[in-house]
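S.K.: My questions all concern the structure below.
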Ligand SMILES: NC(=O)C1=CN([C@@H]2O[C@H](COP(=O)(O)OP(=O)(O)OC[C@H]3O[C@@H](n4cnc5c(N)ncnc54)[C@H](O)[C@@H]3O)[C@@H](O)[C@H]2O)C=CC1
Ligand SMILES: NCC(=O)COP(=O)(O)O
């Protein structure tokens, strides 16, 4: 029989991501970490050929417990690493940096399977490895990325992308769109929706009873009283004021000058910054936390975290990829699951 501590390990459905990228390598490296052995029970959902190739590359021999169907998943911690691999790919299918149609098809199935497992309580959270968006799109994947695919799979009404590191959390008001489309996408209503999802998650998933959220401005110096742009006066400040009035439990402020708000958050003044577009938020985040940050989808009925990096085709197969982001993504998922469980018990 398993000890109580083992029984309470959080079950993570970890997708490999693109087998032609760094996903398999970072998984093999992360699985060796002592924290993984004690705090969680990962099931790797991916391709066993790619996993074995990564182990050979790194000179790391992990005992594998390979299953092909969900009903074969062990109900207790198995000896070795549990891998769910439905259709093994050939080495030709997964040449580094050259994802085939078969690999792209499987990559999407990994995500679908992990979400299904979590929705059906066979896992407590999904942790995703990196996918190559352009490769998947070329093979018919209709979503911009995981975030929108997971929203569709779970029927969530509103989701927000947040990247979280040890000292800085950055949520995004817009995600994958051209810079020229950003201003028109930042509306009073969209900001209120994003703040609602962000603040609710900081409270529920991260245990912050009164989260401090800073909203960034869009223009230099947050518009300098309208001289460098009017979005702050016309849209952002009214939304922040409205949210503050209706959510006394959230300490929301802004719009702040974008050039200093991330530094202030890094110094501990805020729990999260709401950035208005992808690179406004992710450049500072990755500058300070690239090897130790997770991407988190807020607003889903399930917990989902991810690595913060992409497929790294330029280094795939060289053994250079750092596994810190995957480890942090797994740790963040465990933290979120524990907070959600505690809330359920208290409710
Ligand atoms: N979580 C996900 O699924 C993500 C997927 N992507 C996708 O990945 C693809 C490639 O995107 P890029 O912009 O080139 O970003 P990338 O993160 O793959 O690579 C950027 C740079 O970081 C390095 N790098 C990446 N992962 C690393 C690791 N674990 N350790 C050390 N260095 C690492 C690469 O060698 C490269 O120099 C794109 O299709 C993009 O959409 C990008 C970010 C996240
Ligand atoms: N820049 C973050 C990113 O591209 C990850 O997107 P997603 O696949 O998690 O939606």
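The count begins at 1 with the first shown residue.
Positions of Cβ are set from backbone N, Cα and C atoms, glycine also.
Quick paste of what TrEMBL says about this protein:
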type: BINDING; residues: 146, 147, 286, 295, 304; note: substrate binding site
type: BINDING; residues: 176, 221, 278; note: divalent metal cation binding site
S.K.: Do any residues at least six apart in sequence from residue 295 (substrate binding site), in the same chain, have a Cβ closer than 8 Å to its Cβ, and if so which, in order?
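M.R.: Set apart from residue 295 (substrate binding site) by at least 6 residues yet with Cβ under 8 Å, we have 161, 162, 163, 305, 306, 307, 308, 329.
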S.K.: Checking the binding-site residues 147, 221, 286, 304: which ones have Cβ within under 6 Å of ligand 2?
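M.R.: 147, by Cβ distance under 6 Å.
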S.K.: Tally every other Cβ atom lying within 10 Å of the Cβ atom of residue 304 (substrate binding site).
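M.R.: Looking across every protein chain shown, the total is 26.
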S.K.: Got a sec? Which of these binding-site residues, 146, 176, 286, has the most Cβ atoms within 10 Å?
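M.R.: Its Cβ has the most other Cβ atoms within 10 Å: 146.
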S.K.: Once the chains shown are all counted, how many other Cβ atoms turn up within 10 Å of the Cβ of residue 278 (divalent metal cation binding site)?
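M.R.: By my count, 17.
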S.K.: Report the same-chain neighbours of residue 147 (substrate binding site): residues 6+ apart in sequence with Cβ closer than 8 Å to its Cβ, ordered by sequence.
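M.R.: Listed in sequence order: 159, 161, 175, 297.
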S.K.: What's the CA to CA span in angstrom from residue 221 (divalent metal cation binding site) over to residue 304 (substrate binding site)?
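M.R.: Between the Cα atoms of residue 221 (divalent metal cation binding site) and residue 304 (substrate binding site), the distance comes to 34 Å.
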S.K.: So, three-state DSSP: helix, strand or coil for residue 176 (divalent metal cation binding site)?
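M.R.: It is coil.
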S.K.: For the C-alpha pair, I'd like the distance in angstrom between residue 286 (substrate binding site) and residue 278 (divalent metal cation binding site), rounded off.
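M.R.: Per the Cα atoms, residue 286 (substrate binding site) and residue 278 (divalent metal cation binding site) stand 12 Å apart.
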